[in-house]
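Undergrad: Got a structure for you, written out below as structure tokens; questions coming shortly.
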């Protein structure tokens, strides 16, 4: 920002009148006027709530796009003539592109217009989804590629949208907003299954499910452009103050800063443990429950290529119901407990994970004796796991400086997927296969092998609880640092030198350099 300095005027009534008038006297004396003060940034509450509602709606569509293909997976396999192993690659391609893209969007989201990046992501995933519905069966590789583009678009939204919410609200309002936002993860996942299978059944063509989603995406894009403001980073924490651009740092400086932020590091490891368990449960739990029914004599063994079972539907309904209740329960407990204990958030996460471990263990052990008890404890375990989603997002936003939150979200997503749900289904299946190789070939032994392989999830969830206890030890210190003006990824010397330079420019003087 530049200032203009006028030369002093001598003589004449005009110069005398100027010198008598305060500000005009400064002009007459030849001193520099400070630049005009920027208008403080503020946003009415109703605009913030409206923007949050739009972001929640888009999050619903985001996860519907994630799980619409699994809802019509059998039809996709028949159309493209692909086996189960190749069908599994659809999700692998999706997750891989999401993992590669998340750090890129995190970097861009910390430095450029987040609203434009979100719009690009919606256009990308809706365009890829629509175009995939017109691909001929001879070009199945194009269909796989399109799922990769959908994953890339989803990465932009999953990385940046929570940071926008974090800049719209603070404290209890932020916790409630994040709770509502993360409710749409299980709801969107379940609706993706329902929409895909229902539209395919009504129209007789699975591709119409992919053609319907872009209509909803177009509405979401219009709402985003019209109703969601371009919020300055850290705006909620500085409501009513002048929004000053912070010194820009490199991506390596951001990562180095996050690596020294122990609350972020330990909470990310805790989230990874949660992702490990949810990934294994989501993939193997329906089959485990199906084999439990076979052992109890309630279900005939599957001798056909397509097995008809209600276990997937029941498990999906449990996931949606427990997800909604769990997210709201965790957010409300965090909001109330924070009033008496500043370390409430990681302590709630740790206690819920420690309580999940025995529930999961009992659900596995009791499945061979009573299926009803297994369902009850499995539902309790999923409920306790869901209590963490909004709380861990609130932890991240409270311990990371605003200009680095996009990178933090991206790194947390990447680590949680790479070390969590990307490998846990394979590891669980590998342990089950190794155990089956050493046992007689029977339905009972198949069930017991999968049952024993699930025990690694109980261990992982206890480990995650320990990481959240470590988070509690550092939480207050990291929150205080994130609230301090000028703190961030740059070293203190760099910040001091840049502040000195800016003050020199404003005062019309320069600082000598060696």
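Glycine residues also receive a Cβ, built from the backbone N, Cα and C atoms like all the rest.
Got these off Swiss-Prot a minute ago, pasting:
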COMPBIAS  9-21  compositional bias 'Low complexity'
COMPBIAS  497-514  compositional bias 'Polar residues'
REGION    1-22  region 'Disordered'
REGION    482-514  region 'Disordered'
TRANSMEM  54-74  transmembrane segment
TRANSMEM  88-108  transmembrane segment
TRANSMEM  116-136  transmembrane segment
TRANSMEM  149-169  transmembrane segment
TRANSMEM  176-196  transmembrane segment
TRANSMEM  212-232  transmembrane segment
TRANSMEM  264-284  transmembrane segment
TRANSMEM  313-333  transmembrane segment
TRANSMEM  347-367  transmembrane segment
TRANSMEM  376-396  transmembrane segment
TRANSMEM  415-435  transmembrane segment
TRANSMEM  453-473  transmembrane segment
Undergrad: Between the transmembrane segment (376-396) and the transmembrane segment (313-333), are there at least three Cβ pairs closer than 8 Å, leaving out pairs fewer than 6 positions apart?
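TA: Contact between the transmembrane segment (313-333) and the transmembrane segment (376-396): present, because at least 3 Cβ pairs are under 8 Å.
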Undergrad: Are the transmembrane segment (347-367) and the transmembrane segment (88-108) near each other by the rule of at least 3 C-beta pairs under 8 angstroms (pairs 6 or more apart)?
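TA: In this chain the transmembrane segment (88-108) does not contact the transmembrane segment (347-367) - fewer than 3 Cβ pairs sit under 8 Å.
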Undergrad: With an 8 Å cut-off on Cβ pairs and a sequence gap of 6 or more, do the transmembrane segment (347-367) and the transmembrane segment (212-232) reach 3 or more such pairs?
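TA: Counting Cβ pairs under 8 Å (6 or more apart in sequence), the transmembrane segment (347-367) does not reach the transmembrane segment (212-232), since there are fewer than 3.
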Undergrad: Could you name the stretch, out of 176-196, 212-232, 264-284, 415-435, with the greatest number of CB pairs under 8 A to the transmembrane segment (116-136)?
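TA: Per the Cβ count, the answer is 212-232.
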Undergrad: Looking only at residues six or more beyond either end of the transmembrane segment (415-435), which have a C-beta under 8 A from one in the stretch?
TA: 95, 98-99, 268-269, 271-280, 282-284, 448-450, 452-454, 456-457, 460
Undergrad: Top stretch among 54-74, 212-232, 313-333, 453-473 for CB pairs under 8 A with the transmembrane segment (264-284)?
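TA: Looking at each of 54-74, 212-232, 313-333, 453-473 in turn, the most contacts to the transmembrane segment (264-284) are made by 453-473.
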